[in-house]
Amino acid sequence: MKALLLLGLLLLSVTVQGKIFERCDLARTLKRLGLAGFKGVSLANWMCLAKWESNYNTKATNYNPGSRSTDYGIFQINSRYWCNDGKTPRAVNACHIPCSDLLKDDITQAVACAKRVVSDPNGIRAWVAWRAHCENQDVSQYVRNCGV
């Protein structure tokens with residue numbers, strides 16, 4: 001019985017963790033999904049953003065008590081403006097998706113929503129982590145030796 005409980009807890013922890021991309025695997029995936037150069041943002045900048053927002057983790061979430069919103073997924077897309085989590089007050093849902101779609105191992109919907117975010121006037125500057133860690137920095141290390 002204890003062995004089954006331990007196995008169940010182990011499987012639960014693996015499920016909650018989600019997919020943590022290897023750096024070059026993510027770079028290739030983002031390129032394949034059309035983010036390289038989208039709205040003038042280099043692939044290296046997208047990689048830097050994903051590193052600092054989620055550490056390449058598809059299941060990353062971060063609650064923001066001030067706005068009572070949550071950031072979701074590999075790009076930490078916010079429920080106040082971009083997705084619907086059913087609990088954020090006055091949510092806009094500009095990407096027209098449930099926030100749970102941003103937590104999937106298949107990041108196709110997360111990339112589509114990130115494209116929507118970066119298409120707004122703030123562009124890539126909409127992400128605080130990008131402004132803090134990537135803006136005006138040499139971000140080439142995030143794609144180095146990835147063949148992209």
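Numbers run from 1 along the shown chain.
Including glycine, each Cβ sits where the backbone N, Cα and C put it.
Candidates considered were Cys95, Cys134. The record in Swiss-Prot pairs Cys113 in a disulfide bond with Cys95. Checked against Cys134 (disulfide bond), the recorded positions Glu53, Cys95, Cys99, Cys113, Cys146 differ in C-alpha distance, with Glu53 being the nearest. Asp71 (active site) falls within a strand segment according to DSSP.
Residue counts for the domain 'C-type lysozyme' (19-148) by DSSP state, with H, G and I taken as helix and E and B as strand, are 54 helix, 14 strand, 62 coil.
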